[in-house]
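Undergrad: According to Swiss-Prot, the protein carries these features:
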- 1-13: topological domain 'Cytoplasmic' (TOPO_DOM)
- 14-34: transmembrane segment (TRANSMEM)
- 35-48: topological domain 'Periplasmic' (TOPO_DOM)
- 49-69: transmembrane segment (TRANSMEM)
- 70-77: topological domain 'Cytoplasmic' (TOPO_DOM)
- 101-121: transmembrane segment (TRANSMEM)
- 122-137: topological domain 'Cytoplasmic' (TOPO_DOM)
- 138-158: transmembrane segment (TRANSMEM)
- 159-166: topological domain 'Periplasmic' (TOPO_DOM)
- 167-187: transmembrane segment (TRANSMEM)
- 188-211: topological domain 'Cytoplasmic' (TOPO_DOM)
- 212-232: transmembrane segment (TRANSMEM)
- 235-255: transmembrane segment (TRANSMEM)
- 256-266: topological domain 'Cytoplasmic' (TOPO_DOM)
- 267-287: transmembrane segment (TRANSMEM)
- 312-332: transmembrane segment (TRANSMEM)
- 333-343: topological domain 'Cytoplasmic' (TOPO_DOM)
- 344-364: transmembrane segment (TRANSMEM)
- 365-378: topological domain 'Periplasmic' (TOPO_DOM)
- 379-399: transmembrane segment (TRANSMEM)
- 400-412: topological domain 'Cytoplasmic' (TOPO_DOM)
- 434-461: topological domain 'Periplasmic' (TOPO_DOM)
- 462-482: transmembrane segment (TRANSMEM)
- 483-493: topological domain 'Cytoplasmic' (TOPO_DOM)
Amino acid sequence: MNKHASQPRAIYYVVALQIWEYFSFYGMRALLILYLTNQLKYNDTHAYELFSAYCSLVYVTPILGGFLADKVLGNRMAVMLGALLMAIGHVVLGASEIHPSFLYLSLAIIVCGYGLFKSNVSCLLGELYEPTDPRRDGGFSLMYAAGNVGSIIAPIACGYAQEEYSWAMGFGLAAVGMIAGLVIFLCGNRHFTHTRGVNKKVLRATNFLLPNWGWLLVLLVATPALITILFWKEWSVYALIVATIIGLGVLAKIYRKAENQKQRKELGLIVTLTFFSMLFWAFAQQGGSSISLYIDRFVNRDMFGYTVPTAMFQSINAFAVMLCGVFLAWVVKESVAGNRTVRIWGKFALGLGLMSAGFCILTLSARWSAMYGHSSLPLMVLGLAVMGFAELFIDPVAMSQITRIEIPGVTGVLTGIYMLLSGAIANYLAGVIADQTSQASFDASGAINYSINAYIEVFDQITWGALACVGLVLMIWLYQALKFRNRALALES
């Protein structure tokens, strides 16, 4: 590997794949809740349940995907297989109007593909560098920024394709994006020869009457089938319960593994941060469900004579994250003075405060809709942008703290537990919250009248709920600040 190159050539193929994966995933996600309600005519409750189940399980399957990559497939093969499964899933989703079983099957295939892809693409990128290579951080930053580009473009492109042509075309465009990324990645295959490939020895070994490659095929067929049943029977909550129990058990084992009080305090800090992060994301994930339907039903989307497709609003959040992230990275320089724990809680308070402010703006928007029939587009854009800005003070802070823990060999496991709680469980809670907006009545002609008051009430409750979290976090911040101050005074005396 050339140490003098700005970045290894292989990274550009990984980045291209990451852009198209974000394009594929977020393009489809922007359409899903609208497809369920507007095209398949699911009631809001059923749509929210399926949407939250899907968004929850995509954070559970990466655990299995990471295990398969570590033991058998290697990161490169796992990523390619995951990308292929996601493309197939999007194609099948386009045919779901034929029969509901195609809907459940397509979502299950996408969940499995996401599990193989998401947990291993970062590991594949890490394989391109030596442990001490100074280019490593720059490579990960490049991949993160590229992903945001994909998530900005996807809702615009897929939303336009759906609005101007058909739902199948919107989902098909997401599939084309994933296939394009996979083709580009395969074109750079020669640059990945030094990365870990398939473990052929393990694959050929025999266990329980079958070679491991046979069991792998069984797993690749059985897992989508099982997840399809979970979606169909609405049993996904049981899978989350099992995963959470296992995660908490592992967390207890890590706590016992801690060798001193400092390590236990670090773990306690991570657990507390994870709890508040879970609540934050339960609020933030309204963007793909209740907020999306609110925009579709109650926001005036006309701009210069063009009606902006609802799905396009999903780009605002990603654009705010990227724009504000660049601003914070280039302009704001964090001081090393003071106590790091105090700074962490200060950032969490700011993130939750911005989330509360964002929903306060949405509450005003909903009240405007109640008074005048429709809310204004700029007010909606402002609320979503503030919520996107809030994200920068939650996940990066928590993940940074996890990587600092001094208990050896637990960083990956803690990251998985964090994703389980702040991703899977938070998305389930988001579905429960969103369902509170599903109040509707029928007029004499049988048309559905959706209740704007339900949206006002839910947005208002989230505003105050996030503000209550800010109060709790500020109490912790004040306690830590006073403790640090008293310790400093004691040392001076």
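Every residue gets a Cβ built from N, Cα and C, even glycine.
In the displayed structure, how are the listed features positioned relative to their neighbours?
TA: Across the residues of the topological domain 'Cytoplasmic' (1-13), the predicted structure has a mean pLDDT of 69.
Long-range neighbours of the topological domain 'Periplasmic' (35-48) within the same chain, counting only residues 6 or more positions beyond its ends whose Cβ lies under 8 Å from a Cβ of the stretch, are 96-97, 100, 103, 167, 289-290, 293, 296, 431, 434-435, 437-438, 440.
Below 8 angstroms of C-beta separation, residues 29, 32-33, 36, 42, 75, 77-78, 82, 107, 110-112, 114-120, 123, 216, 219, 223, 227, 230-231, 234, 236-237, 239-240, 243, 285, 288-289, 412, 416, 419-420, 423-425, 427-428, 430-432, 434-435 of the same chain, each at least six residues beyond the ends of the transmembrane segment (49-69), sit close to that stretch.
Distant neighbours of the transmembrane segment (101-121): 14, 17-18, 21, 25, 28, 40, 50, 54, 57-58, 60-66, 68-69, 73, 75, 78-79, 81-93, 95, 143, 220, 223-228, 230-232; these residues of the same chain sit at least 6 beyond its ends, with a Cβ under 8 Å from one of its Cβ atoms.
Tertiary proximity for the topological domain 'Cytoplasmic' (122-137) is limited to same-chain residues at least six positions away from its ends with a CB under 8 Å from its CB atoms, namely 1, 3, 6-8, 10-11, 14, 66, 69, 75-76, 79, 143, 192, 194-196.
A Cβ distance under 8 Å defines the sequence-distant neighbours of the topological domain 'Periplasmic' (159-166), meaning residues of its chain 6+ beyond its ends; these are 30-31, 172-173, 309-312, 314.
With a threshold of 8 Å between CB atoms, the same-chain residues lying at least 6 positions outside the transmembrane segment (167-187) that come near it are 13-14, 16-21, 23-25, 27-28, 31, 35, 39, 79-80, 83-84, 86-88, 90-91, 93-95, 97, 150, 154, 157-159, 161, 311.
Listed by sequence, the residues of this chain that lie at least six past the ends of the transmembrane segment (212-232) yet keep a Cβ under 8 A from its Cβ atoms are 50, 53-54, 57, 61, 64, 68, 72, 100-101, 103-105, 107-109, 111-112, 202-206, 238-239.
Same-chain neighbours of the transmembrane segment (235-255): 53, 56-57, 60, 63, 229, 264, 267, 271, 407, 410, 413-414, 416-417, 420-421, 424-425, 428, counting only residues six or more beyond its ends whose CB sits under 8 Å from a CB of the stretch.
Through the fold, the topological domain 'Cytoplasmic' (256-266) approaches residues 401, 404-407, 410 of its own chain, all at least 6 residues removed from its boundaries and within a Cβ separation under 8 Å.
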Undergrad: Top stretch among 138-158, 267-287, 344-364, 379-399, 462-482 for CB pairs under 8 A with the transmembrane segment (14-34)?
TA: 138-158
Undergrad: Counting Cβ pairs closer than 8 Å, which of 138-158, 312-332, 379-399, 462-482 has the most of them with the transmembrane segment (344-364)?
TA: 379-399
Undergrad: Which residue counts does DSSP give the topological domain 'Cytoplasmic' (400-412) for helix, strand and coil?
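TA: Its residues fall into 7 helix, 0 strand, 6 coil.
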Undergrad: Report, as numbers and ranges, which residues of the same chain sit near the topological domain 'Periplasmic' (365-378): CB under 8 Å and 6 or more residues beyond its ends.
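TA: Non-local partners: 294, 298-303, 308, 452-453, 455-456, 459.
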